[in-house]
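Enquirer: Have a look at this one before I ask anything.
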């Protein structure tokens, strides 16, 4: 049983007080009586106010026995000690403020009673600290020791101070031990009940382990004995082994006491069994320490002495208290340190102290004190930076003569106490007792020798430095002055009696009071636990009730608080954002306002600068126009009054002289308008003069100028001296020019005279080539300028130019510069000659070449000075960034003439490129030209915006001097009209699926990225690649619209042939006729052995018994047919059945074959209609003449029967005998071949295969034999069987299972081709000749197959045609009227060639550029055309082709505005088509494009009731035109087709023929519903 668990605070205090009371009473009885009875020593109370961490305050009492008083110092008003409590489980340190009250004075009047002073030494400073200074740190486990003041006061009231004096050191250690045990008991109970204070218990245990104080009193020993009684019964053999494994981490555990001996009746602690040598060494060390402590205690300095009531002071201290160390001090200050880990011994060696005499005591004591002081200073504690703490204790000492005996006893006790303090508890052996007696004797003698020194009233200082360490805690030693009256034996006996009494008391208490207290404590603990559990349950219930009530409110409160906080945060954030936005907006407005003002100023300045440049160009054009007279030649119908005003306005600036004409020096902000006009006029005059000077310098540098005469007067090659001319047609020109062509010749001649370049932009077909040739002949005839002339044309018109120059001007020598590199090298020798004169006898006059060749050989052309350069189809240099444009501009030419029928194809930039080519100095900035005209005109064409008429007039005024353009309707009255018709087609089922498949693969985001991302980047390669990908995507849609076979052709199908062909020798050995019949054989051969056939099969046939055996087993034998008597009723005898059984299948069919008058059509009508019509209904002969030929003659003649029924025969041949087979086998093979080496077998095989009867029946009857039957009037029923082989499959497949793709299906799978098929039939009937233009050469290949199938004669010209072939093809078309169709590619066959033999043009698919199509259609609509030209354009409804057509109309509008000055209104979608990529994206995203005919595309308003839209001027139709009536078919087949507005499928199906319905959905079964990858 653990006694500690039975003790509470009150019980521990009671036990302690009883123990001390009994001890004091026994000691008083044993002590010797004094001479004078001392006064009674009352215990002095010391109250302390303890403040816990919770703020509760309680009053506790400490007592001082005898006359020891802890009072205030003289220089201080009181000391407040702040006692630190241990920090447990992270709690803050609690401090107790102890206030010591002054004690009451005693009855002793002889000696002045002065209080004991408590002083604190901080570091090296030895002064007393004020009350506010930091109190000393004491043991934290002693801080909770409290004693009941009332109980303690009552007990000590009976104690006389002269009879008992309690040692302070012992009292301090006793209280500390009791407090430690009490604290440990609390921790154990708390950990046992609540299991939460384990940390405090472990900490207390660790403290006991570190200080070795867990057996310093008898309570520990009793507890250790009660824990385990078996620990004292350990055998001697296992004792040493178990001592090694002692666990010191648990001081009260049985492992810590196992193997240890207990000495009942003494104050020594538990110790291990040690050997004698070791005990001897420990005894010597203790004797040395005792001697040192005695010297230090007697060598104290004298101070204010205290009078003691008696000299017989008996110190009460435990024997051999471990950890007690006596150290000397230099003064009356004693160091008390509670932390043993911070005590450090002095490293300085201490000399052995010797006994000294009285005279030497003080000096030596002082020296020792000084040394010990230094050591103490070095042994400062490091905890918190605080110095050693010292307590000054003042003792009262009686006079020397009264108690000399007591002093002796005291000396002995003191010596004994020192010996016990230095000893380490040697054990209970006799040797140890003897050693202790020797030590006590020695100490007593030392005390006696030093007693005389301290006989006077002195103050002794006890240095109690309590420092806990591994070797033990340092206790405090009390040095007092005692007499040497008692001997060592008496002292020893006294202490033994004291120990025995102490042990007896404890045994009685443990046996009697222990169980009772234990039961009480258990009951109390259980009651407390029950109450605590109930309290916890009630508290939890109340807390839960309160929580239920307040949880919702807390949640709502927290939610509202967060929401309010969030709203406030958002409000201020929004407020700040609004303020920032307003501030930024205000700043932005200021910046924009300043920027706008600056832009307005700059705009005004640029406007004035632009107006200056335009005025300068106008004046330049006006000065040239006055000499060239373009208005008169062009023949425009403008108002003459407006022209007069404009000329008058511009004429006033003629001959002006401006002071400043440099554009960089002109101030456009301040100068007035008149000054700007004068400067512009001056610049225009200077530009004109410069142009004339350049032409003059070119003429002056000619090598053939006459040196004898004045060049300016006599040189006829300088036409600038001639002025305005009226030129007639040159005589050397072998043709007759029309009136407008002569005007054009005059305009060109005037341009040459003024040294100005020009553009001849007459409409295609008005003879630009003849006019340019005429101006060359004019220069040669009039001015003797024979060249050199350079003509650059496209490759397709090289031969045309060569032929026309040679034809119209035979005097010109034409050099055709084309061919291979070697050929061109030979041709270059004509102009490589030095000092070459170009006259009539020159090697060549005109050089004709192509754009590609001149770019490749530009270095050779730059060496020449060309008199005149003509560029045919000048739109080839429409890009000013191309190498072609730059190369041609670098040539040295006097004049340049550009021939083009379409100066503007796509945008105004192309017009600027041409103008810049002819006038590089005037039109030098494209940006300025774009600012002048391009933006407004192009935006007007696209978005139907207004156009400034004044700006348009100024544009025409600038362009007129440099460009001459006439249109056909104004100058050529005999030329027929040109009619353009758009034919709209629908997508077939296969085309719709292809179109939808492509449409599903388009991503709008990809298109947007392709049109925006790369356009903003500077990488041109990425830009080109994106454009190419978009164009390729559009091309796939166009291929679907043209024909689905452009993706994948229909395959030829045939069954798998399991056949092998016979091998033959060289074909050279064969004759002219190669017989390959029976060349194929089956892979399977049936081998028939010869012996089996000869001996078994063929031999039995010749035997007599074969017939009997055969007849016996034959089902056709008459004997076996007796049971079938009903056969005779059917008109057949058994013998006839027997004969039929011996025949094979063919023989039976031939015997049953008879001629009848009924035709196959009659049999079909008989089966399906039930009406059998007579042959007379199908006769072509007039019924009135039927008497001339008898019916019998018709019926008896097969030939006559066919002639009389031609319509029926034709119908049979076209429909009944041309139907495709309904089934195609998966595999085919010839019959299995029987292989036999017998001659009999081969003869029989040949007889069977080549039976004459069977062959004559299968083959048609010969005409001679049929004539013989007719002459003999043999009835038709008696004709021999013939022509039994069916003819329906023979006409289509020729007895073959190979299935070729159906051409009818090929035509009907494309909506365009089906429409073209109908159109060509109509055109051929009306004797038209057709030009068909294509964009894809692969589509031209498909068209050739179609024309071959339809047996139309055609020729073809595309980019792969050679130059010589092109010339021959054009010649054949013009001279051979039997050619019906001319297939051309738009780019190759649409330039420069004359195809006037055709009066119909068909565009199977349109070009991106509308001008390309215009040039292509003008190949037929040109001079020489006498018939009206009709242009058909095939367009697929609701597809990309319609949107391309709309875009082309916008470009045509730009041409009409610029060239003709017409600002007509067009309707189109507002799309930004500034670049080609955006044009392509517009085409892809413009409409639904699904081909469903739902009208959701761009042109949903196109007239769906009409397949043909006819217009002379291309204009889109606005809205839907309702036509409730019927429209006659334009194809002229005599039938009317009705098409309802609602587009219901029933009406559409009713309007189609059976063949169209049959072939329309065949694309669904082809297995190719998606385009092939990679196409």
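Numbering starts at 1 and runs along the chain as it is shown here.
Glycine residues also receive a Cβ, built from the backbone N, Cα and C atoms like all the rest.
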Enquirer: Give the range, chosen from 661-689, 690-718, 719-747, 748-776, that Swiss-Prot lists as region 'Disordered'.
Expert: 690-718
Enquirer: Among 71-116, 117-162, where does Swiss-Prot put the label region 'Disordered'?
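Expert: Swiss-Prot lists region 'Disordered' for residues 71-116.
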Enquirer: Between the candidate ranges 8-32, 33-57, where does Swiss-Prot place the region 'Disordered' annotation?
Expert: 33-57
Enquirer: Among 860-863, 864-867, 868-871, 872-875, find the range that Swiss-Prot records as motif 'DEAQ box'.
Expert: 872-875
Enquirer: Reported in the order helix, strand, coil, what are the DSSP residue counts of the motif 'DEAQ box' (872-875)?
Expert: 2 helix, 1 strand, 1 coil
Enquirer: When DSSP is mapped onto helix/strand/coil, what comes out for residue 762 (ATP binding site)?
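Expert: The residue in question, residue 762 (ATP binding site), is coil (DSSP, three-state).
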Enquirer: Output the one of 764, 766 that, of all these binding-site residues, has the highest number of other Cβ atoms within 10 Å of its Cβ.
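Expert: That would be 766, with the highest Cβ count within 10 Å.
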Enquirer: Which site among 765, 767 has the most other CB atoms no more than 10 Å from its CB, taking these as binding-site residues?
Expert: 765
Enquirer: Helix, strand or coil at residue 768 (ATP binding site), per DSSP?
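Expert: DSSP assigns residue 768 (ATP binding site) to helix.
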Enquirer: Using the Cβ centroid of 762, 763, 764, 765, 766, 767, 768, 769 as the reference point for the ATP site, which residues of the same chain not in that list have Cβ within 8 Å?
Expert: 901, 1422, 1423
Enquirer: Please work out the mean pLDDT for the residues of the domain 'Helicase ATP-binding' (749-921).
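Expert: PLDDT averaged over the stretch: 84.
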Enquirer: Around the C-beta of residue 769 (ATP binding site), how many further C-beta atoms are within 10 angstroms, looking at every protein chain?
Expert: 22
Enquirer: Tell me the Cβ contacts of residue 763 (ATP binding site) under 8 Å, same chain only and six or more apart in sequence, or just say none.
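Expert: Looking at Cβ-Cβ distances below 8 Å from residue 763 (ATP binding site), excluding near sequence neighbours, one finds 901, 965, 966, 967, 968, 1418.
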Enquirer: Quick one: give me the count of other CB atoms within 10 A of the CB of residue 768 (ATP binding site).
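Expert: I get 24 for this one.
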